[in-house]
Amino acid sequence: MKTQWSEILTPLLLLLLGLLHVSWAQSSCTGSPGIPGVPGIPGVPGSDGKPGTPGIKGEKGLPGLAGDHGELGEKGDAGIPGIPGKVGPKGPVGPKGAPGPPGPRGPKGGSGDYKATQKVAFSALRTVNSALRPNQAIRFEKVITNVNDNYEPRSGKFTCKVPGLYYFTYHASSRGNLCVNIVRGRDRDRMQKVLTFCDYAQNTFQVTTGGVVLKLEQEEVVHLQATDKNSLLGVEGANSIFTGFLLFPDMDV
C-alpha cells in the first residue's frame, strides 16, 4: 500500500515543483524556460463511440476453392411422365408363336338348303325286242337305279322334280341302221328335239352312244325317241341302257 502511494505522490510533487518554477519564471522577466515535465500516465479508456456510417460496397472477391463433394442424398420422387416420343421404325418379324388353346365351340349353324343335298339319278335297261314306231318314246323298263323315283319305267320318261343341271346318256345295241333322238319339254305340250345320234351299218352288230347336259325346270320331261331308222335291240348280251343324274341343283329357285 505504501508503494502505491509513493508512486502517486512522486509525480505530484514533481508537477508541483514544475508549476512553482513556471510561476517564478513568469514573475522574472529574464528567466529561461524550465525543463519539460515528465509525461503523465495514460488516462482511463473512454466509452465506445457511436457506430460509423456503412462503408462503400467492395469489389467482388475472387472465386473460392471448390469444396469437397457432399454425401449422396436420398433418392427423390419419380418425376412427371414425359411427352411420348416419335414412333420408331418397324422391327423385324418375330418367330412364330406356339399354337393357342382351342377356342370355344361355336353356335350351331342354320339349316342348309335341302336342294344342295338333293340326289337324283337313274339307270334302266331295255329288255324287250319289239319293233318301234317313229316318234315313239323308247321304254327302258328294267330299272337298275332310280334315286327319288323321277324316272318312270312304264313310259321310259324322266320327269324333273328338282330344277338344275342334268346329264343324260345312253348306250344302244343294234343290228343295222340306228338313229335316236333326245327330246325334252312338258309332257302335255309338244316335245322338242334336242339332238339326234345316228349310226349306219347293214346286217352287223353295233353300239351307239350319246350324251348331253341339260338345264331343266320343274316338271320338264326328257326321254329317248325312236326314228324311222331303228333296229334297237334289247336282248341278253346286247343290252341297251338309258341313264341320267343331277349334276347341280338350281339354288335360285
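Just so you know, glycine gets a Cβ as well, placed from its N, Cα and C.
Swiss-Prot names the disulfide partner of Cys198 among Cys160, Cys179 as Cys179. Annotated Ca(2+) site Asp199, Tyr200, Gln206; additional same-chain residues within 8 Å of its Cβ mean position, judged by their own Cβ, are Ser174, Gly176, Asn177, Leu178, Cys198, Ala201, Thr208. Calculated from their C-alpha atoms, the gap between Pro81 (4-hydroxyproline) and Tyr200 (Ca(2+) binding site) amounts to 98 Å. Cα of Pro54 (4-hydroxyproline) to Cα of Gln206 (Ca(2+) binding site): a span of 147 Å.
Across the domain 'Collagen-like' (29-112), mean pLDDT in this model comes to 82.
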